[in-house]
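Input: a single structure, listed below in structure tokens.
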Amino acid sequence: MSVVANEPADHYKDEEQGGVVETTVKDPHASANRPVNNGEYHEEDVLDRPPDGTLWAWIAAACVCSANTFSWGVNSAFGVYLNYYLDANVFPGATKRQFAMIGSLSLGISYMFCQLGNVVAKRYPLRVVMSVGLVIIFVAYWLASIAKTVTQLVMFQGLLMGVGFIFVGGPATIILPTWFLHKRSIASGIGVSGAGLSGLIFSRSCNAIIDRTGSHVWALRMMGLVCGAMLAITIVFIRPRKPFNSKDTNLWHEMQRLFDKRIISLPPVLYICAWCFVYNFAYTILLFSYSSFSTSIGLTYEQGAVVTTVQNVAQLIGRPALGYISDKLGRANVSIACTLLMGLFSGVFWVFVTTYSQMLAFAFLSGLILGTNWVNYTSLAADAVGSGKDMVPAISFICVVSGLPYLVSEVIALELVDYSRSNPFFWCQIFVTVTCIIGGLTLLPYREWKIRRILTAQSQLAKPARLTAAGWRAYLARMFYPIRA
């Protein structure tokens with residue numbers, strides 16, 4: 001049984017519910033009994049506990065899924081466009097680096113600066129902010145479809161699209177942690193599964209339109225029309241747990257709070273940041289390379305599109321499953337395990353893929369765990385700083401720093417591709433393997449920090465003094481202590 005330090009207590013009745021110990025505390029200074037934190041969650045979430053369900057909570061999860069599906073989730077289908085742009089000589093004289101920048105900009109810019117959308121949503125109604133993003137996305141698709149030069153294509157399908165994603169996907173990132181606590185990761189998994197759903201919807205359909213028309217023009221227009229219509233429906237139904245916009249909000253003050261030194265210097269926030277930064281190199285290369293790698297081993301464009309579709313189906317299944325498993329086994333535990341496992345898949349499986357069936361198997365297995373960063377980074381941050389006002393600067397800092405790899409990863413991948421080798425993607429595969437292994441190891445200090453917090457709060461555990469002591473031996477013991485974290 002755990003008790004907050006210096007809090008008098010005469011009688012306790014424990015009911016453990018996934019990290020919060022419901023304890024009857026007789027405190028002369030308290031007006032009512034209140035739950036006591038056992039260290040697994042931030043104190044703020046224990047005192048103002050999210051409902052962990054209700055109809056509107058699950059509607060919010062579905063709406064976040066839809067917002068992600070039809071905003072930055074469309075990057076899951078960009079591999080089809082990239083493969084077409086590289087091989088069809090759409091813009092004579094354009095380089096592979098310029099085409100790679102399209103996907104990198106739309107994903108990187110929107111991820112790095114998504115919290116700007118949150119800042120604006122604190123001043124203006126959420127639906128108004130998201131509607132602005134909807135209009136920008138639709139216009140970006142239409143302008144990209146009539147682009148005459150590769151520079152225009154980069155500006156419209158890359159940069160302008162990313163700006164639209166900021167105002168749609170940005171506010172969606174902080175809605176679910178306010179609705180869920182124990183089920184926070186599975187709700188997040190449902191929300192970010194939109195990336196897999198988007199790839200499932202658009203990969204084959206875009207490839208079919210390109211094959212039928214011989215051009216990317218109507219594929220882009222189709223995506224603009226579908227995304228615009230679906231986002232309009234999403235905006236009608238989405239709602240936060242507590243309204244967070246106010247006419248009295250000072251936008252400049254809120255911009256400054258995005259980088260609150262008190263929050264961004266916290267060790268657990270830095271650990272999450274390091275993990276996301278390193279792993280995002282591998283994530284981006286894998287996400288955009290399935291189709292082009294498939295054609296490099298002799299498969300057709302249609303087969304490459306099927307491979308991308310299989311990977312997206314796996315993400316659609318895997319992301320909610322990862323969320324459920326993370327809630328059961330611990331978010332840090334699952335994040336570390338999946339990151340290391342992704343490195344193993346790349347180093348001992350992807351390197352040796354030479355056939356269509358092998359590629360389908362790799363796409364499915366890797367797709368199941370590929371999105372562990374998207375599933376858990378907000379939940380890990382909320383566990384560290386709570387789901388209140390401190391979460392925005394924490395998420396903002398993580399996104400800005402760990403979004404940098406999104407800008408350069410695919411460019412790095414294309415530079416590493418060597419078509420003089422029998423396996424042109426060999427050095428890409430090695431790079432992915434190394435970044436996954438390093439990424440998994442960088443999250444171990446977060447696990448040690450969280451276990452130390454749990455052990456400090458749960459004084460009833462055996463030999464707490466030994467496990468919470470200073471020194472490297474106790475540090476390593478906490479890092480690998482067998483507990484949900």
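Keep in mind that glycine also has a Cβ here, set from the backbone N, Cα and C atoms.
The following features are taken from TrEMBL:
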type	residues	note
DOMAIN	268-485	domain 'Major facilitator superfamily (MFS) profile'
REGION	25-45	region 'Disordered'
TRANSMEM	55-86	transmembrane segment
TRANSMEM	98-118	transmembrane segment
TRANSMEM	124-144	transmembrane segment
TRANSMEM	156-180	transmembrane segment
TRANSMEM	186-206	transmembrane segment
TRANSMEM	218-238	transmembrane segment
TRANSMEM	269-290	transmembrane segment
TRANSMEM	334-353	transmembrane segment
TRANSMEM	359-380	transmembrane segment
TRANSMEM	392-412	transmembrane segment
TRANSMEM	424-444	transmembrane segment
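Beyond its flanks by at least six residues, the transmembrane segment (334-353) meets 275, 279, 282, 286, 293, 297, 322, 325-326, 359, 362, 365-366, 369-370, 372-373, 376, 380, 423, 426, 429-430, 432-437, 439-440, 443-444, 447 of its own chain at Cβ-Cβ distances under 8 Å. For the domain 'Major facilitator superfamily (MFS) profile' (268-485), the model gives a mean pLDDT of 87. By the Cβ criterion (distance under 8 Å, sequence gap of 6 or more), the transmembrane segment (98-118) is counted as touching the transmembrane segment (156-180), at least 3 such pairs being found.
Counting Cβ pairs closer than 8 Å and at least 6 residues apart in sequence, the transmembrane segment (218-238) and the transmembrane segment (392-412) reach fewer than three and form no contact. Among residues of the same chain six or more beyond the transmembrane segment (156-180), those with a C-beta under 8 A of the stretch's C-beta atoms are 50-54, 56-57, 60-61, 63-64, 67-68, 70-72, 81, 101-110, 113-118, 120-121, 126, 129-130, 132-137, 139-141, 143-144, 147, 186-188, 191, 220, 231, 238, 240-242, 378-379, 382, 387, 391-392, 395.
Panel annotation: around the transmembrane segment (186-206), residues 57, 61-62, 64-70, 72-77, 79-81, 172, 176-177, 179-180, 219, 222-223, 226, 305-306, 308-309, 311-324, 326-327, 367, 371, 374-376, 378-379 of the same chain, lying at least six beyond its termini, place a Cβ under 8 Å from a Cβ of the stretch.
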